[in-house]
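Presented below is the structure to which this report refers.
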Amino acid sequence: DILAAFRVTPQPGVPPEEAGAAVAAESSTGTWTTVWTDGLTSLDRYKGRCYHIEPVAGEESQFIAYVAYPLDLFEEGSVTNMFTSIVGNVFGFKALRALRLEDLRIPPAYVKTFQGPPHGIQVERDKLNKYGRPLLGCTIKPKLGLSAKNYGRAVYECLRGGLDFTKDDENVNSQPFMRWRDRFLFCAEALYKAQAETGEIKGHYLNATAGTCEEMIKRAVFARELGVPIVMHDYLTGGFTANTSLAHYCRDNGLLLHIHRAMHAVIDRQKNHGIHFRVLAKALRMSGGDHIHSGTVVGKLEGEREITLGFVDLLRDDFIEKDRSRGIYFTQDWVSLPGVLPVASGGIHVWHMPALTEIFGDDSVLQFGGGTLGHPWGNAPGAVANRVALEACVQARNEGRDLAREGNEIIREASKWSPELAAACEVWKEIKFEFEAMDTL
């Protein structure tokens, strides 16, 4: 069975058992009345069952309802169908004040019907020939308004300075100021120039997201013809059907696939209603993507440490034990489905590097947009500063130093012999984003 954990807030006067049973019925075989065609099938075989209810600690009228769905209710290899069944109608139920899907357990038999990520973590490292450290990226800013030629120039400067990747922002598609084909050409030129100068393999996430699946695949085909290593997709705004189609194309044609989670906070930000991001992350691993944005813990975007690390492990590891302290409601066995690299992005700069290296470890992408392009000397020195800071943190960690405690000191030491890093340290020494996380356990 697929198991689901729902956070249920019933209307006053509705007992939790009734609310849990209503959720199970509405998201499987039930309707509001008895119908004569019920007799033509075995409802016992197909209905969802609410098998356990527990109160939420510290909340007066909230309960966790556990529901089991028989596997026969779902089409194989279709995240779209899985979500249509489990969260399709039930969230508008009048008997509930609010409903949130906290976690899913996907059984191995169902996991096996998905291709998953086009390549996965190890194949990506082999393609890029980069080992033993997190990968470094940068989102090109301003996100909208640059011409293709100036955009390509910014890409080249960042890659030449020492970054592994640069990135289209999620809303860069094909607008009047910069058509997609022009952008692809100038970015490919920047890639090859930077590769020739540095001797390292470089990538730029070319955003293939489009208004139709056919147009999206057309853009991915053009990227492949240019010989670039990676394309990008906005998986929630583009939809799971489009995402899975692109993931299959990427595996067949040797392209890596970077996934942006634009629109996720509309779905996952409210604590008592919606879908938790750990569910969206699991769905993405099934649908397919080699990278996905996962929050930073330390930057400008929402994300509490233990909860973030919970779904980061769900993205990367093959087997994850149930651990309620990290918000993981079920043990999940991915039966060797390739892993996804978490991408830390949003309001981070060189002073965050020790914390990011310690929190996310080697299998991650650390993405500094403003933290590269905001360097007072320009893009390339900004990239140099980030690369020096990262190499210093990785070396210190490998020597057994405690990054959490000695992080600032490690960065200061490195800045003595890197003027680029020293300038970056000076610019961002006072910048903090300190707000309480909304998403707590």
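Including glycine, each Cβ sits where the backbone N, Cα and C put it.
Pulled from Swiss-Prot, these are the features on record:
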ACT_SITE  K141  active site, proton acceptor
ACT_SITE  H260  active site, proton acceptor
BINDING   N89, T139, K143, R261, H293, S345  substrate binding site
BINDING   K167, D169, E170  Mg(2+) binding site
MOD_RES   K167  N6-carboxylysine
SITE      K300  site 'Transition state stabilizer'
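The Cβ of N89 (substrate binding site) has E26, S27 as same-chain neighbours under 8 Å, each 6 or more residues away in sequence.
Using a 10 Å Cα-Cα cut-off from H260 (active site, proton acceptor), the recorded positions that qualify among T139, K141, K143, D169, E170, H293 are D169, E170, H293.
For the pair formed by S345 (substrate binding site) and K167 (Mg(2+) binding site), distance between Cα atoms is given as 11 Å, rounded to the nearest Å.
When the Cα positions of N89, T139, K143, R261, H293, S345 are compared pair by pair, the longest gap among these substrate-binding residues is 37 Å.
A separation of roughly 12 Å, to the nearest angstrom, links the Cα atoms of H293 (substrate binding site) and K167 (Mg(2+) binding site).
Among the binding-site residues listed here, namely K167, D169, E170, D169 has its C-alpha nearest to that of K143 (substrate binding site). Every protein chain considered, the tally of other Cβ atoms within 10 Å of the Cβ of K167 (Mg(2+) binding site) stands at 29. When the recorded positions H260, R261 are scored by other C-beta atoms within 10 Å, H260 scores highest. Counting other C-beta atoms within 10 Å of each candidate's C-beta, the recorded positions K141, K143, H293 are led by H293. Neighbouring residues of the recorded Mg(2+) site, listed in sequence order and excluding K167, D169, E170, comprise T139, I140, K143, D168, N171, V172, Y205, N207, M232, H260 (Cβ within 8 Å of the Cβ centroid). Long-range Cβ neighbours of T139 (substrate binding site) (same chain, at least 6 residues apart, Cβ-Cβ under 8 Å): T166, K167, D168, D169, S345, Q367, G369. In this structure, the CA atom of K141 (active site, proton acceptor) is 18 Å away from the CA atom of R261 (substrate binding site).
Here the Cα atom of R261 (substrate binding site) is found 8 Å from that of E170 (Mg(2+) binding site). Ranking the binding-site residues D169, E170 by the number of CB atoms within 10 A of their own CB puts E170 at the top.
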